[in-house]
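Worksheet: the structure to be examined is printed underneath.
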Amino acid sequence: MTTVRATGSPDDGIAAEQAYVSVLHRRLDEVRARTVARLDEALTTVPHNPQAVGEREAAVELHTQRIVALDAADSGLCFGRLDRHDVDVPRYIGRIGLFAEDGGEEPLLVDWRAPAAQPFYTATPLHDLGVRHRRHIRTRGRTVVGVTDETLDLSDPDLVQRSGLAGESVLLAALNANRTGRMNDIVRTIQAEQDRIIRADHRGVLVVQGGPGTGKTAVALHRAAYLLYTHRERLARSGLLIVGPSPTFLGYIADVLPSLGETGVVLTDMGGLRPGLQAHAAEAPEVAEVKGRLAMVDVVATAVRNRQAVLDAPANLTVDGTPLRFTKADAARARSRARAVSRLHNEARPAFVRAVIDLLAGKYADKLGANVLDGGNLLGRGDLAALRQEVATEPAVHALVERLWPRLSAERLLRDLFADPRRLAAATRGWPEADRELLLRPASAPWTPADVPLLEEADELLGIDDSAERAAARRERQRRLRHAQETLDLLHGSRSTDWETEEESEELSAGDLLDAEGLAERQEVGDSRSTAQRAAADRTWTYGHVIVDEAQELSAMAWRVLLRRCPTRSMTLVGDVAQTGSAAGASSWAEVLEPALGPRDMRGWRLEELTVNYRTPAEIMDVAADVLAAGGAVTSAARSVRSTGEQPWARAVAEEHLVTAVAEAAAELDREEGTLGVIVPRSRLAAVTDAVRARVPAASADGDLTAGPVVLTPEGSKGLEFDSVLVADPVGILTEGVRGHNDLYVALTRATQRLGVVHAGELPSELKRLDPR
Ligand SMILES: Nc1ncnc2c1ncn2[C@@H]1O[C@H](COP(=O)(O)OP(=O)(O)OP(=O)(O)O)[C@@H](O)[C@H]1O
């Protein structure tokens, strides 16, 4: 319980703080001007060798990032001040750290992520952490427009018991503000329970469970910024990955990290995780569920093995007019030789090709030798090599290899598997027919998010036959070595051997310092892409930390991929098992995490909870809690931090008028301030979208939440929020979803201000609190 009182005249505070904030901005300008000058210098340096090119790129990247962070800090640079018991100098808290030119002991401004800033978020009268007084400073541009004071001194007679929220009035002002369709940072008003999670140890898997609106997404993003600040060097090398539920969600959160001065993270949803692929097609939830089962590991493995075929009947080939017979036993022998070499399919293919060529060349030699010498074979080594060459270039041999051990991409493997009932049956022996049928689809079907873990799994088993690339790289290296040697020879040749002076004889030439190897290495062009760019383009990249939002939705197969991407298990998973919509998702954290990570708290994973709902007003949360309970949830809904006095309502209409009535209600709500989300069962998405767009032309067509009202399914609305929410056909949502009550719960809790429901027929009893309209 925090104890708060307003102190002093706010105007005194504003004037005093304005003077200090102006000093901070002047300092920010100086630091920025210096960094810009350094960037200019780096850009105008002409690098004379490849190593210098790399150094220049690194300097340019460093200064650019610093300038981006300084620019981002300009707005709301300083937002807090702490006065401490035994120190006279106040401590100012802001978006970045700033030191005076002469580098005084106390920084001019402490970065909110630094340990010294933590009491701003966590000090209470009972645990004041040395703080006697906390001030929240509000600015517009560079102007201080308000201050809010809290005293934490228990002996102060003016103390008033309040809500337990730090900076309550500042927090409530932020929560009541209209939304823009883009998430904001919460750096000024992080609450103590959130701060604890943001700063938690980076090691191990941290699961953050919290009801709707408890700030899980906000906390996850601020944790990313905190980790990048605290472990900058390590994460600059290894990268940080954030996985969210949908591209719309990624657009919604895209501004938060840049506003905190951090840009070097990879943000993706499961559909975008595989480099070069956008797998965003929709599919039935029951199909996604089957694809998400761990049993698919065996299916993919069997599918790969089944492509290492044997023959049904001997193959007859002709090499340069000589008929050769490749028997079933030959095929089996070649296959076992290749399987003995490596477990990865494509990497073992050259061994298979060698085995086939050996067998055929042997047969070819026998025939030719026999033809020449009536039984005895006197072909020499050179002849045999020539025969192997002939066999190797024979198109019929290539066709045979392609049939028996094809070079496979993950995409080809899965396309062929899902489009061919026989292949599918062979890879899913023992499966119920109904499950198998769910996987069947045409080869031309577009990729879906649930395909991504399967493609990744396939890649793990297929590997890459990069023998051609490696041979090319070897040749290129030889060429560079030769070139380097020629360069050194030239340098040596041009050096006079008749030393004029002693000094001259002691001058070192390039040839003395470098050998050809070293020079060749220096000529290799460095990779100038940032860590995030390199990580996003590399499916084998392992990240220093992985953050997953709406983690409850992930299937067992998706977990497998993400854990592979983070072998150190430094992960933050945020979600709410009461909001799980997908059949493949989690109904308890232990259920999903134990198989992969072992038991909770036994070095496997640890759980933290968030308990306060900052988004949804109490009036709406009461309705949502009934829906949650009716769905049989074991968790309770989070406590709302505020109420609006506005009662959520329900409008009953005839079924044939439902779509038009929804469009009409959307138009009404659109006249209110702020954003509007219309949430509908999947089966009504197209019809309602058309009707709303006809009635409200500004309605967004592409999920851009800043453009105007959007129409979404409950699944598509995950993680988002709107000032007004209109739910259409709640019974449709309840019955269509695999976990219908969870879907309706998600839909209702997207509202920050007001909620309306339009329905045909009886209103379900769990919505009885809604005011009829
Ligand atoms: N400490 C805070 N100060 C200001 N705003 C906050 C704070 N915590 C959360 N919020 C705001 O509350 C809203 C809900 O936060 P967020 O989306 O992170 O919740 P969530 O737990 O991820 O919700 P859901 O599970 O429903 O998607 C956001 O607008 C966020 O900015």
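Cβ atoms here come from the backbone N, Cα and C positions, even for glycine.
Unlike curated entries, TrEMBL annotations are predicted automatically.
For Thr217 (ATP binding site), the count of additional Cβ atoms within 10 Å of its Cβ stands at 26 [all protein chains shown]. According to TrEMBL, the ATP binding site annotation covers Gly210, Gly211, Pro212, Gly213, Thr214, Gly215, Lys216, Thr217.
Annotation comment: TrEMBL describes 499-509 as compositional bias 'Acidic residues'.
Mean model confidence of the domain 'UvrD-like helicase ATP-binding' (189-617) amounts to 86 (pLDDT, 0 to 100 scale). Residues or ranges marked as domain 'UvrD-like helicase ATP-binding' in TrEMBL: 189-617.
The region 'Disordered' annotation in TrEMBL covers 492-511.
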Surrounding CB atoms that lie within 10 Å of the CB of Gly210 (ATP binding site), all protein chains: 26
Position of peak Cβ density within 10 Å, selected from the binding-site residues Gly211, Pro212: Gly211
Remaining residues near the recorded ATP site, that is with C-beta within 8 Å of the centroid of the site residues Gly210, Gly211, Pro212, Gly213, Thr214, Gly215, Lys216, Thr217: Asp576, Leu610, Asn613, Tyr614, Arg615, Ala638
